[in-house]
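These notes are about the structure you will find just below.
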Amino acid sequence: MAVLQVEAVRKSYPGVVALDHVDLTLEPGKIHILAGENGAGKSTLIKTLTGLVTPDEGTVLIEGQDALADHSLFSRIAYVPQELNLFPSMTVAENMFMPFHRSGFGHLTISRKAMEAEASRFIERFGIHARPGQTVSRISVSDQQLLQIARAACRDEFKVLILDEPTSSLTANETEHLFRIITTLRDSGCAIVFVSHKMEEIFSLGDTVTVLRNGRSVGTYPMDGMTEDQLIRLMSGSSVQLEEKFQPRGDIDDSDILLSVEGLTGPGFSDVSFQLRRGEILGFAGLVGAGRSEVMQTMFGYHSAKSGRCMFNGKEIPRGRTDRAVAMGMVYLSEERKHHGIFPLLSVRENISLSVLEKMKRGGIISSGKEKSIVSETIQKFDVRTSSVGKKIVFLSGGNQQKAIIGRAMARRPRILIFDEPTKGIDIGTKFQIYRIMQQLAEEGVGIILVSSEMTELQRCATRIITMYGGRTTGSFDQATTDVNTLVGAIIGATETRHVA
Amino acid sequence: MSLETTLPGATPTPPKVSSIRALIARMVANPLGGVIGAMILIFGISCLLSPHFLTSFNMIIIARALAFIGLVTIGQAVLMILGELDLSVGAIGGLAGVVGGMLMVQVGLNPWLSLALCLLMGAGCGLLNGLLITQLRLHSLVLTIGMAGVYGGANLVATRGVAITGVPHEISFLGRGLVLGVPVPFLVLLVCLTVVAFVMMRTPVGRYIYAIGSNPQAARMLGIRVNAIRMGAFALAGFLSALAGILMVARLGTAQPSIGDTWVLSPIAAAVIGGVATTGGLGSPVGAVLGAVIIGIIEDIIVLFGISPYWQSVVSGGIVVLAISLDSLARHYLNRDAS
């Protein structure tokens with residue numbers, strides 16, 4: 001009998017359908033792999049399984065009972081998120097039983113002794129190398145990871161354990177130890193959901209796999225007899241749609257190099273070298289955490305480089321100076337629109353004009369006439385929909401905020417533009433508007449870097465694609481002559497990558 | 001107020017409530033509306049309460065007292081809009097005062113040169129705060145608590161706690177003089193406020209300060225020189241505090257080591273009353289100084305009423321809390337039916 005059954009679940013957010021008629025059935029004593037590219041809907045599905053997200057349609061049955069009607073059933077699902085979220089300065093036992101009133105230790109005073117005795121049971125069961133009274137910051141990362149699993153599991157008798165990329169910060173040995181624990185849990189009759197991008201893990205652990213793509217379930221397959229190639233094809237969608245392409249038309253002069261990065265090493269990546277030519281759209285493919293954004297932000301001066309250099313038209317960009325990079329003609333549009341893009345307390349007008357205030361000066365003073373005309377020009381050109389320019393930008397939709405920010409960047413007339421996931425959380429119509437803007441700029445001679453986790457987006461826009469895995473570049477491919485399976489292979493660190501260009 | 005309500009057949013709504021609501025809505029919508037409204041209210045009440053309030057003698061007292069706190073408030077407000085705070089402004093003011101006194105009296109330097117050196121030193125102290133905060137990535141609150149100890153301690157080391165008397169008469173005009181019946185320190189405040197308010201409203205640097213206060217990461221991503229602007233703002237706060245300190249010396253005729261002791265919390269309270277957000281990005285120096293006016297009037301009326309000095313801070317503190325609650329209450333009142 002299935003422990004957990006999800007049927008025809010649908011969840012939409014304004015402008016995006018995150019899940020569209022997804023089915024999932026978990027059997028006890030099986031490890032179920034959840035596979036799919038970034039943005040395929042895995043995390044929304046997990047949130048549905050744990051009760052954090054209530055679906056618009058569909059049913060969630062836990063041991064045959066309707067969990068959407070009775071939320072307490074979700075306590076049988078143990079969930080371990082990807083990032084460690086422990087209290088580093090508290091003890092192992094304290095971390096395990098927080099919040100205390102839920103675990104039965106929340107009396108007037110907390111008996112350290114009783115709690116530590118209880119904790120040592122779990123420490124043994126999960127094979128954690130730590131004493132209950134030890135401070136968490138002093139135990140190894142893998143033990144912290146195991147502690148996190150133990151914490152999720154010690155609440156109730158859990159029936160399902162969900163692990164979201166649990167090995168992303170572990171070494172090979174630590175991973176092996178973790179896998180032994182996971183198989184022991186499986187053999188004791190627990191249903192396990194395992195999310196990973198790493199092929200070797202998927203194939204060594206999985207009993208069943210469900211593949212998601214663009215919020216739909218492609219299907220559920222037994223892992224027996226599945227090949228790596230097949231799985232990659234299922235994830236990426238072998239039939240790439242013959243839709244509109246946005247590569248810049250016209251020839252690119254190979255010797256006309258705008259930006260040259262040489263052996264750049266910084267936070268989370270090392271020894272990255274590449275060149276950007278005038279008029280090309282250079283794609284950067286990779287998984288979340290591959291180091292793509294870090295490379296861009298370091299080039300731009302937001303982070304300090306440890307070694308290496310970036311030459312812009314033959315002149316070195318000074319390290320750690322975003323103002324100099326901008327002055328030289330480079331603009332970076334961050335993936336984190338909320339944290340790095342908009343100024344929430346300022347109006348649409350102030351948000352847009354901020355990058356070009358120097359152009360609006362008349363005798364050191366901002367000329368409101370010039371400001372008005374530049375802002376309204378930008379709003380018109382980039383189709384920013386707002387009832388008034390005096391409105392605070394946070395009241396605009398995500399897509400319109402993004403267009404306002406792109407417009408702000410364009411107003412500076414940059415020579416190099418870095419788009420970091422420019423279409424994240426944006427509906428399809430706006431997406432294509434942004435593609436058209438990129439194409440037009442490239443044709444005007446701007447060098448464009450497009451960081452994207454969506455393969456279809458890169459294939460639709462980029463002329464060349466650089467792949468990254470684990471903080472290193474793993475290849476450089478000419479878009480026109482490379483198939484998607486090769487690219488997916490390169491971003492998940494598959495051993496054989498063919499260098500085409 | 002609203003035409004529809006008078007039309008026959010329209011749903012009758014009590015016009016009085018809607019007009020009060022519209023008035024509150026307009027005051028909340030205008031960033032300075034609240035503080036101006038509160039100031040007028042308190043001024044009016046004060047006029048009714050005491051016949052001695054609206055006299056030119058009393059007005060001069062209020063204006064002169066306001067000038068010193070007001071100057072410090074301008075600098076603190078700019079820092080708060082930027083998302084920073086400087087708790088050493090009082091200590092800088094005191095140190096600048098005694099250094100000025102020593103240069104004039106003990107060294108015998110030209111008073112005007114001494115004054116300029118003091119202002120420079122104040123700006124330097126502020127710049128040092130900014131330098132340490134930006135380069136060592138320290139939290140401004142913690143760092144400036146420490147620096148307040150350093151500057152305050154330097155003051156005591158130099159003076160041994162004894163006031164420096166015999167400040168030359170050339171500069172006493174700056175503290176005691178009247179121009180067209182207006183105290184000179186108050187005029188200095190008006191000039192400084194005009195300049196800073198203009199910079200904040202109409203120049204790129206002013207816009208950058210609001211941007212940094214609203215989202216410092218995004219400001220860096222945009223290529224704004226965040227650290228340079230931060231250091232500049234700390235230097236400005238130091239400069240204005242030193243100016244207040246030296247004007248106080250000119251007014252007292254002696255350089256008291258205790259100058260500036262009360263300049264730390266009132267300017268922050270004034271800025272908050274005036275609509276400056278403690279989290280940065282919102283408010284204006286004009287609003288902050290109007291907040292200082294409110295505090296000044298309250299303190300004055302307490303004196304006029306002869307309330308025991310022991311009760312003064314209880315009353316003025318209570319009114320400060322009341323004043324900052326009003327804004328939030330007004331917003332709550334407006335949002336109640338809107339949602």
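Cβ coordinates come from backbone N, Cα and C, glycine included.
TrEMBL lists B:28-49 (among others) with the feature transmembrane segment.
Residues annotated as transmembrane segment in TrEMBL: B:61-81 (among others).
Proximity of distant same-chain residues to the transmembrane segment (B:87-105), defined by a Cβ-Cβ separation under 8 Å and at least 6 residues beyond the stretch ends, is recorded for 72, 75-76, 111, 113-115, 117-119, 121-122, 125-126, 129, 141, 144-145, 147-152, 154-155, 158-159, 164-168, 171, 237-238, 241-246, 248-249, 254-264, 267. Marked as transmembrane segment by TrEMBL: B:87-105 (among others).
Annotated transmembrane segment per TrEMBL: B:112-132 (among others), in sequence order. Listed by sequence, the residues of this chain that lie at least six past the ends of the transmembrane segment (B:112-132) yet keep a Cβ under 8 A from its Cβ atoms are 75, 86, 88, 92-93, 95-97, 99-100, 103-104, 138, 140, 143-144, 147, 151, 170-171, 230-243, 245-246.
Per TrEMBL, the feature transmembrane segment maps to B:138-158 (among others).
Outside the transmembrane segment (B:178-201), and at least 6 residues removed from its termini, the chain residues within Cβ reach (under 8 Å) are 56, 60, 63-64, 66-68, 70-71, 74, 78, 81, 209-210, 236, 240, 243, 247, 251, 284-286, 289. Sequence annotations record features per position, and here TrEMBL assigns transmembrane segment to B:178-201 (among others).
Taken from TrEMBL, the feature transmembrane segment covers B:228-250 (among others).
Residues 31-32, 34-35, 38, 68-69, 72-73, 76-77, 80-85, 87, 89-90, 93, 148, 210, 212-215, 241, 244, 288-292, 294-295, 320, 323-324, 327 of the same chain lie 6+ residues outside the transmembrane segment (B:262-282) yet bring a C-beta within less than 8 angstroms of a C-beta in it. The transmembrane segment annotation in TrEMBL covers B:262-282 (among others).
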